[in-house]
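Taken verbatim from TrEMBL:
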type    : residues                               : note
DOMAIN  : B:66-211                               : domain 'NADH:ubiquinone oxidoreductase-like 20kDa subunit'
BINDING : B:CYS66, B:CYS69, B:CYS164, B:CYS198   : [4Fe-4S] cluster 1 binding site
DOMAIN  : B:231-312                              : domain 'Cytochrome-c3 hydrogenase C-terminal'
BINDING : B:HIS236, B:CYS239, B:CYS264, B:CYS270 : [4Fe-4S] cluster 2 binding site
BINDING : B:CYS279, B:CYS298, B:CYS301           : [3Fe-4S] cluster binding site
Amino acid sequence: METRNFKRVMVWELPVRIFHWINVLAIIVLTVTGFLIANPPALLSSAEATNLHTFGIIRFIHFTAAYIFFFVMILRVYWAFNGNQFASWRAFWPFSKKNWNNFWHVLKIDIFLLNEEKRNVKNISIGHNSVATLSYLVMFFIALIQIATGFALYADMSGWWLPKLFSWVIPIFGGDFMVRTIHHISMWLFIFFSMVHIYLVFYHDYIEGRGEVSSMFGGFKFVSETRLKKAAKFHDKEIEEK
Amino acid sequence: MSTNNEKRKTYYESIIKQGYSRRDFMKFSTYMAAFMGLESSMVGQIAQSLENTPRMPVIWEHYQECTCCSESFIRSDHPIVADIILDRISLDYTLTLMAASGHQAEAAKQETMKKYKGEYILCVEGSIPLGDDGNYCCIAGKTAKESFLEAAEGAKAIIAWGSCASNGCVQAAKPNPTEATPIHKIVKNKPIIRVPGCPPIGEVMAGVIVHVVAFGRLPELDRLGRPKAFYAKRVHDSCYRRPYYDAGLFAETFDDKNAKDGYCLYKLGCKGPMTYNSCGTIKWNNGVSYPIQSGHGCIGCSEANFWDNGPFYERATKVPGLTEEGLADDIGKVAAGVLAGGLAVHAVAANISKRKELMSRINRGKSNEKNIDS
């Protein structure tokens, strides 16, 4: 029994991590305040309306988080064109044979939990696996739906041009009712996604043992030495030994 | 009818002939300017237009409807609206109020359509059934669709009065047995002003029609074809109970203390936050009140499909396509529970299926631990 040698590889660069964690925070805040706005709890207060602004504050937090959610997404799109190979839009491109081979592999091994006779280390994705990229792509479009419907509902209250850019959304659906319904239902998709996402991150960390969870904090994942070029191995070794 | 053969009088002449004074006329012009949201300098322009413009011929059609739009219109708060605008303006043809009937009435309509081709305004109250060859609504031997297309052909512009003509309203609610259709889906090549509401506010109707006759063009419309002057704001955004909403003070039931204190009706299903109308500013019955002021939430009557947009007295998100028990949060909670269960099963199954791989890694890790040097 031989222990495999691993190298530390910078997979998630700082902008990706910043995007990830701000996005996490924004989604949590948006979901919680969104539920409160949809179904506000009874307020036990005898104060006059003049002296209270509770619901206004909840809405303010929701709108602020929405702006942050929107701008951090722009940052991520920018980084898809400037980041490393794992952040690049190419990593998310679904129309390649390689991608679908990996997709079926992940589906077989990680979702349906089958075992391979002979393990090929190259089947393990260093960055996102193909099932993950597809789910992020879907979430990206759902996020666009949330942004469009959310800002469309917000546009009439705003004097700024940015939310007003989305005011064309309302007439498409005939009115606020349907737009609000879509906004509310899409939020549930974020909840479902988050559950599966968190579970699978834990699962991969547990099954593969390459630091999947910690990678989103430090940016490093452990990659089998055999997957690196020879020259890199020596170079890395010198540094490691110091 | 008889007016068709005379030289057309101006609105002002008609108003004076009815026994109103110039003072009444100026007051009326001022009212209208205020309803349209125009600045005071425009009052003179309205007055001047009404003095010089000959009466515009109007055909007012009634299809699948309850006539509540006409009822609302004749109750709008300035008497000149009912006396002159409705009386004079729609004298050409309107089933409810015209004196003529039968062949005589139809002949008058044909004459107006011929004589003022391209000039008359077509007002439509009610939706048009397309199911079963349109036989659900027939007037004078013609189906509503035939009659509408005939009248629309020579119209300068079309005004869709009320939710029936604008959105289909109750007869278009699921399952819509007669295939009731709003008019903008039938005629595409004419300017259409949509004035939704069940009914629309009388002053809004008067404002729209006075705008058309006074300025000779359509009022500024939003993307859904509604006049911006009256449909640019949500009922919620102009609601006098809005401070309670912002404070988070809500009535929980219709008979609790909060409701009596006039708290926001949001949790009782008020649809004001999604409904565009002027109820909060112009109000009803000569500005006396409107539903929310009377303690009842808005039901969103001026919005599309308002009968199918979930319960009136609950704040709930309905999943489109599901008719019963289709509330998004209930489905979401169940789905999240099932998903969590599925993930737990997957976690257990993973430990069983991957036990060899896991055990070998654990053993390697343990042996490495034994060999720690420093």
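Every residue, even glycine, has its Cβ placed from backbone N, Cα and C.
Distribution of TrEMBL features across the structure.
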| residue | record | DSSP (3 states) |
| --- | --- | --- |
| B:CYS66 | [4Fe-4S] cluster 1 binding site | coil |
| B:CYS164 | [4Fe-4S] cluster 1 binding site | helix |
| B:CYS198 | [4Fe-4S] cluster 1 binding site | coil |
| B:HIS236 | [4Fe-4S] cluster 2 binding site | helix |
| B:CYS264 | [4Fe-4S] cluster 2 binding site | strand |
| B:CYS270 | [4Fe-4S] cluster 2 binding site | coil |
| B:CYS279 | [3Fe-4S] cluster binding site | coil |
| B:CYS298 | [3Fe-4S] cluster binding site | coil |
Students should find that the Cα atoms of B:CYS279 ([3Fe-4S] cluster binding site) and B:CYS69 ([4Fe-4S] cluster 1 binding site) sit apart, in Å rounded to an integer, by 15
Whole-number mean pLDDT, the domain 'Cytochrome-c3 hydrogenase C-terminal' (B:231-312), equals 90
I'd like to know which of these binding-site residues, B:CYS239, B:CYS264, B:CYS270, is least surrounded, judged by other CB atoms within 10 A. B:CYS239
Within 10 angstroms of B:HIS236 ([4Fe-4S] cluster 2 binding site), Cα basis - binding-site residues out of B:CYS66, B:CYS198, B:CYS298: B:CYS298
Here the Cα-Cα span from B:CYS69 ([4Fe-4S] cluster 1 binding site) to B:CYS298 ([3Fe-4S] cluster binding site), rounded to a whole number of angstrom, reaches 18
Nearest by Cα to B:CYS239 ([4Fe-4S] cluster 2 binding site), of the binding-site residues B:CYS66, B:CYS198, B:CYS298, B:CYS301, is B:CYS298
For the binding-site residues B:CYS164, B:CYS298, which one has its C-beta crowded by the most other C-beta atoms within 10 angstroms? B:CYS164
Spatial separation of B:CYS301 ([3Fe-4S] cluster binding site) from B:CYS66 ([4Fe-4S] cluster 1 binding site) - C-alpha basis, Å: 14
Cβ contacts of B:CYS198 ([4Fe-4S] cluster 1 binding site) (under 8 Å, same chain, 6 or more positions away): B:CYS68, B:GLY162, B:SER163, B:CYS164, B:CYS169, B:VAL170, B:CYS301, B:SER302, B:PHE306
Cβ within 8 Å of the [4Fe-4S] cluster 2 site centroid (B:HIS236, B:CYS239, B:CYS264, B:CYS270 excluded): which residues? B:VAL235, B:ARG241, B:ARG242, B:TYR245, B:LEU265, B:TYR266, B:GLY272, B:PRO273, B:ILE292, B:GLY297, B:CYS298
In Å, rounded, how far does the Cα of B:CYS298 ([3Fe-4S] cluster binding site) sit from the Cα of B:CYS264 ([4Fe-4S] cluster 2 binding site)? 11
What is the total of other Cβ atoms whose distance to the Cβ of B:CYS301 ([3Fe-4S] cluster binding site) is within 10 Å? 22
State the count of C-beta atoms found within 10 angstroms of the C-beta of B:CYS69 ([4Fe-4S] cluster 1 binding site), not counting that atom itself. 29
Just going by other Cβ atoms within 10 Å, which of the binding-site residues B:CYS66, B:CYS279 has the emptiest spot? B:CYS66
Neighbour tally for B:HIS236 ([4Fe-4S] cluster 2 binding site), based on other Cβ positions within 10 Å of its Cβ: 24
Compute the centroid of the Cβ atoms of B:CYS66, B:CYS69, B:CYS164, B:CYS198, then list the same-chain residues not in that set whose Cβ lies within 8 Å of it, in sequence order, for the [4Fe-4S] cluster 1 site. B:GLU65, B:THR67, B:CYS68, B:GLU125, B:GLY126, B:TRP161, B:GLY162, B:SER163, B:CYS169, B:PRO199
